[in-house]
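Q: Quick one: this structure, given as structure tokens, is what I'll be asking you about.
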Amino acid sequence: MVFCKRSKKPHPRDGPWAWLVCIAATVIFGLSFGYMLSFGVVLPVLSKHFNSSRGSTAWIGSLAIGFSYLFGPLAVKTIDLVNERTVGVCGALLASSIMAISSFLNNIIILYFLHGVFLGLCGSFILNSLLLIIRKYFKDKLAVAIGIASSGSSFGVLCIGPALHVLIDFLGWRGTFRVMSGVFVIIALLSLTFDPNIQEDEHTTAITCQQRDERSSTTRCQGFIDCSIWKSRRYVVGIVTIFLIYFGVLVPSIHLVSIS
């Protein structure tokens, strides 16, 4: 029962700390995905610098957005093995390093992998950590909290887009990437509020403790992929529908700036 010992009094659900977490998650969502969804501002500048077509350059931002969702199962499993705060902080710090390194690159192919795939992985860690921690911190006000946090991306686009335009005019795209590197450090600091020490129901706590006691280093990798959920027809229909919607819904946000 070592994993279940608490050194501090747990935070109550729907309490003051829960709302602090909600505010932090909203800001994190706005800063991280506000940048990714505002990549269209950076697109023409990168296209001109690398002398590449806008279609090929758009892969940099598209990969970041796509892999943020594609790496969802990996991010959730990692959070299950560790906790939301650790994954969120590490994801943000790694994203900060990626943005800093990307500012020195002169090869667009490397940007595909670094700013695309790996930044998408970091985005997935950040996104899933904030969504899961909100689910744990709220019970009665869960829907309201998720709604507030989800609105962060919309406000982020409204603020980050114009900010990127100003930064590019004064600092260029390299300087802008370095500023965003600092922004991800701020995200890491905000993720520190994701304290996993949360008050739970007695029944839930007993089950969690039993599962953690039975888990060992040899069994943690077993059952990494759970396919039983695909037996639900409603779940399959929902997943297919969401896939078809997001297959093209974010494309205009990447190219809209270049044709405006």
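Here the Cβ of each residue, glycine as well, is placed from N, Cα and C on the backbone.
Reproduced below are the annotations present in TrEMBL:
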type     : residues : note
TRANSMEM : 16-37    : transmembrane segment
DOMAIN   : 18-260   : domain 'Major facilitator superfamily (MFS) profile'
TRANSMEM : 57-75    : transmembrane segment
TRANSMEM : 87-105   : transmembrane segment
TRANSMEM : 111-133  : transmembrane segment
TRANSMEM : 142-164  : transmembrane segment
TRANSMEM : 176-194  : transmembrane segment
TRANSMEM : 235-257  : transmembrane segment
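Could you give the neighbours, burial and distances for every feature on this list?
A: A mean pLDDT of 84 is what the model gives for the domain 'Major facilitator superfamily (MFS) profile' (18-260).
Here the transmembrane segment (57-75) has Cβ contacts under 8 Å with residues 33, 36-37, 39-40, 42-43, 46-47, 50, 87, 91, 108, 111-112, 115-117, 119-121, 123-125, 127-129, 225, 246, 250-251, 254-255 of the same chain, all six or more residues outside its ends.
Among residues of the same chain six or more beyond the transmembrane segment (87-105), those with a C-beta under 8 A of the stretch's C-beta atoms are 28, 32, 75, 78-79, 111, 114-115, 118-119, 121-126, 128-130, 133, 173-175, 177-178, 180-182, 184-185, 187-188, 191-192, 194.
Listed by sequence, the residues of this chain that lie at least six past the ends of the transmembrane segment (111-133) yet keep a Cβ under 8 A from its Cβ atoms are 21, 24-25, 28-29, 32-33, 36, 46, 59-72, 74-76, 78-79, 84-85, 87-88, 90-92, 94-95, 98-99, 101-102, 105, 146, 149, 184, 187, 191, 194, 196.
Within the chain carrying the transmembrane segment (142-164), a Cβ under 8 angstroms from the stretch's Cβ atoms is held by residues 18-19, 22, 25-35, 37-38, 41-42, 130-131, 134-135, 176, 253, all 6 or more beyond its ends.
Outside the transmembrane segment (176-194), and at least 6 residues removed from its termini, the chain residues within Cβ reach (under 8 Å) are 17, 20-21, 24, 27-28, 31-32, 35, 42, 83-85, 88-89, 91-93, 95-97, 99-100, 102-103, 122, 126, 129-130, 133, 164, 167-168.
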